[in-house]
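Student: One structure, as structure tokens, below. Some questions next.
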Amino acid sequence: MAESVELPGRLAILPFRNKVLLPGAFIRIRCTSHSSVKLVEQELWQREEKGLIGILPVRDAAEMTSMDSVLSQGVGSEIGERSSKVPVSTSDAHKVDGKNHPEVIHWHNRFNVEELSTRGPYCTAKISSLEMTKAEMEHVEQDPDFVALSRQFKATAMELISVLEQKQKTGGKIRVLLETLPLHKLADIFVASFEMSFEEQLSMLDSVDPKVRLSKATELVDRHLQSIRVAEKITQKVEGQLSKSQKEFLLRQQKASEEQELDLKAARERLDSDHYGLVKIKQRIIEYLAVRKLKPDARGPVLCFVGPPGVGKTSLASSIAAALGRKFVRISLGGVKDEADIRGHRRTYIGSMPGRLIDGLKRVGVCNPVMLLDEIDKTGSDVRGDPASALLEVLDPEQNKSFNDQAQPIPPPLLDRMEVIELPGYTAEEKLRIAMQHLIPRVLDQHGLSSEFLQIPEAMVKLVIQRYTREAGVRNLERNLAALARAAAVRVAEQEQAVSVSKDVHKLDSPLLENRLAEGAEMEMEVIPMGVNNHEISTAFRIASPLVVDEAMLEKILGPPRFDDREAADRVATPGVSVGLVWTTFGGEVQFVEATAMAGNGELHLTGQLGDVIKESAQIALTWVRARAADLKLAAGEGTNLLQGRDIHIHFPAGAVPKDGPSAGVTLVTALVSLFSQKSVRADTAMTGEMTLRGLVLPVGGIKDKILAAHRHGVKRVILPERNLKDLVEVPAAVLSSLEILLAKRMEDVLEHAFEGGSPWRQHSKL
């Protein structure tokens, strides 16, 4: 603790607003004005070990701003009078132990202001010390009143320290101070740590007489002690009155977030700003919000978002929460096999824990969040139970939940509890808009860049979409854009030109300040530089010109193009190959089917990681072609066996991807007819549809996804079952206008459209 120091005849004055600093306190102050910064720099830093300044309490902001006029009046105002009698402590700055410790400010003595004047950028004052000499203090210490006041103060202070030790497990250091420091100095330190009004602080500073000071300090310490005890009594009384049900009610009232007033227009704008397209889904959310506005206690729906990866299922749930003004919690169920993960464990078990849903509620801190159960189709089941079945009791529509991904692996009873909303893939135009509005700004931000460093023109984004990504969603598109951003980040980091901040600060150009900053010393006193804003700091890295992505840069960073529009033409050049459209977990896909014949015993071989349904479709296709061989002019005469002396091998390329479903039926027949007739299928045509043994073409699902996949692959003609005509309403008009849609009622119609010049059998027909 700093002892009293000898004061000079004149001191520089630092005004301090609405706060009184008592001697002995440590304080960290922030100087923001030019005059304050100059004062600290010249009176403390440049004086090194011997710096002294005076602190003057100022009542409010109005008088703070008119400091010059107040000081020029000397003692003519209320503040002047107060200040002349009750100046604040002098202070100095120095390094502790001579090591590289933080700089601290020590407050020392009370002093009296005789005269105030303004010289240069800050104020100075003629002063006289108000501290007692050692001899005077020894005389006061013999006074019986002082001894009694000291004893009373010490007893009250010890009592407060004991209470604080019980509550906060602290107070050991204060107890040591109480035993070692003179009590009249300790009184200032003790009181400085309490919350007091400005008037009370000023009154304490006014107590130059040690007896008066101890008396006031004892009163303030006792008051603080009593307030702590009263608060404890109230808490105990309230806790004693609360029953278990009341506690539960209070807890429930705490863990609920208040919903904001539902504004449908604002919610629609929020959804539109977060997501491009997805009109059907946004409309369903707006409908829910409209119902909730009319009937606030309406049951929350259980929405099941189904769609390929990267189309925005998870982020939609986050937008719903934002539109409702609720908190959002995501719980992933991928790989969950134990139903206790859903229900929680029985409390009788060692290491029992609540289920993931309750854990999510605890994590988010409210009882009414929007909860997303992610990857619900990826739950497993084993000897520990069936988590999907355990979800049935959870998903009674009492609570708001959202689910996502493919619907097929979800058990039917569970699916029955949910409203399924399908999210198809995006068109190339939609991907472009999403990239320009959402992905590029996000990628630049994640890599610490801006448009000043990297620019990706629309034409280049189109090339990335066409040549490097053929997904339904936009995740791979974002990854490719991130690769471009990383390349730009390397260029910026290599060519950086740091801008010296001190060059832009016009009030702080002293070599001493620069030296201190260069030393890396921590500063307890923060000096806020004027004239520097965030923009100037953010442009500390500069490059001569922004990096504009061109076609050569795309190939250099992303490699050679992965896709082109020649793929279908190259693969369908030989007979026996047809182009189908299928739906996979990754959205719609173009699926080539290859058939070839070889010497054998009439067997059918199938490869390509196929499910049972697609294997049956192949059997049906071969049976139909054999039954119609004569009509199709595929056999020389009636009764001739197409498979006589040969085997048929049908392959579905991309063997790593599981394939199943009936929609490859017409594609299989077309490939077999092409093989047997030795006529190539049109390269610009793709098809989908289930086929019966009699040759009828039945409707299939996922039409929008399949047509979008055809569009992505550059297919120009699509053959669909006639009964799927109604599904074309969901396909974007821009995509439909670029495709020729051909409808088929029977298998013969498919063959008529699939081959150049019509079906092969028509060329030999007498009709």
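In case you wondered, yes, glycine gets a Cβ from its N, Cα and C as well.
Pasting the feature list from TrEMBL:
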{"type": "ACT_SITE", "residues": "Ser663", "note": "active site"}
{"type": "ACT_SITE", "residues": "Lys706", "note": "active site"}
{"type": "BINDING", "residues": "Gly307, Pro308, Pro309, Gly310, Val311, Gly312, Lys313, Thr314", "note": "ATP binding site"}
{"type": "DOMAIN", "residues": "11-225", "note": "domain 'Lon N-terminal'"}
{"type": "DOMAIN", "residues": "572-757", "note": "domain 'Lon proteolytic'"}
Student: Between the recorded positions Thr314, Ser663, where is the Cβ count within 10 Å the lowest?
Tutor: Thr314
Student: Take the C-alpha atoms of Ser663 (active site) and Pro308 (ATP binding site) and report the distance between them in angstrom, rounded.
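Tutor: Between the Cα atoms of Ser663 (active site) and Pro308 (ATP binding site), the distance comes to 18 Å.
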Student: For the binding-site residues Gly307, Pro308, Pro309, which one has the sparsest Cβ surroundings, going by other Cβ atoms within 10 Å?
Tutor: Pro309
Student: Determine, using Cα-Cα distances only, which of these binding-site residues is closest to Lys706 (active site): Pro309, Lys313, Thr314.
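Tutor: The smallest Cα gap between Lys706 (active site) and any of the binding-site residues is with Pro309.
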Student: Quick one: average pLDDT across the domain 'Lon N-terminal' (11-225), no decimals.
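Tutor: Average per-residue pLDDT within the domain 'Lon N-terminal' (11-225): 71.
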Student: Find, among the recorded positions listed as Lys313, Lys706, the one whose Cβ has the highest number of other Cβ atoms within 10 Å in the structure shown.
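Tutor: Checking each of Lys313, Lys706, the winner is Lys706.
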Student: If you count other CB atoms within 10 A of each CB, which of Gly310, Val311 wins among these binding-site residues?
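Tutor: Max Cβ neighbours within 10 Å, all protein chains included: Val311.
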Student: Across all the protein chains here, work out how many other Cβ atoms are within 10 Å of the Cβ of Gly312 (ATP binding site).
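Tutor: Here the count is 24.
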